[in-house]
Amino acid sequence: MKKRISIFASGSGSNAEEFFKHFQNHPSVEIVSVFTNNKSAGVIERASRYHIPHHVYNRTFWQTGDVILDILAEEKVDYIVLAGFMLLIPQALVKQYSDRIFNIHPALLPKFGGQGMYGSNVHKAVKAAGESESGITIHFVNEEYDRGTIIYQESCALSPEDSAEEIAAKVLKLEHKNYPKVVEQEVLK
Ligand code: GAR
């Protein structure tokens, strides 16, 4: 029986697409669905290109997560991957999928994490702090933003001239290179 993964994403979905590619025709892991809270998210078009079904549920549904949990059970989902998902995961889901929800954060946690620290906000903060490096953190999700157990980190050097956009591009490259591989290793342990 293949391990079944659902991807949650709110935006462009470039990381999600790396998962679609990586696990296409994979012998033991399958991406079974995408959930988004944003009906205009780029991830919807990307999922359609790979014939992966998607579900759109607005913010209200993410307060309790009941409906979402029901669908995950119907789809027999084993693991959840957050790929640029911008809402807090409901308690019931964290409980049900304890140590089975992955997140990627576009900085070296515990620095530059917490509420409000997502997407370009993170890179602007890294730039403002004059950091000489940034990177990625892949971690399990618990009840607090960006506080779950860290599974993997990788850093990249920054130069003082790098803009926040250039920092974002360096970090995104690391995300694409590592996120599917690290999840694959974990789910096949
Ligand atoms: C990624 O950089 C991811 O690390 C970040 O959102 C971006 C999504 O890009 N996630 C967070 O900031 C979560 N706190 P994508 O839609 O192109 O994959």
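The backbone N, Cα and C atoms fix where each Cβ goes, glycine too.
Just so you know, TrEMBL annotations never went through curation; they're auto-generated.
TrEMBL annotations:
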type	residues	note
ACT_SITE	H105	active site, proton donor
BINDING	R59, N103	(6R)-10-formyltetrahydrofolate binding site
DOMAIN	3-183	domain 'Formyl transferase N-terminal'
SITE	D146	site 'Raises pKa of active site His'
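Structural mapping of features recorded in TrEMBL.
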| residue | record | Cβ contacts under 8 Å, 6 or more apart |
| --- | --- | --- |
| R59 | (6R)-10-formyltetrahydrofolate binding site | N37, L87 |
| N103 | (6R)-10-formyltetrahydrofolate binding site | L82, F85, I138, H139, F140, V141, D146, G148 |
| H105 | active site, proton donor | G113, M117, V122, I136, T137, I138, H139, D146 |
Cβ-Cβ neighbours of D146 (site 'Raises pKa of active site His') (radius 10 Å):
21
Going by DSSP, give the three-state secondary structure for R59 ((6R)-10-formyltetrahydrofolate binding site).
coil
Assigned conformation of D146 (site 'Raises pKa of active site His') - DSSP reduced to three states:
coil
DSSP-derived structure type at N103 ((6R)-10-formyltetrahydrofolate binding site), helix or strand or else coil:
strand
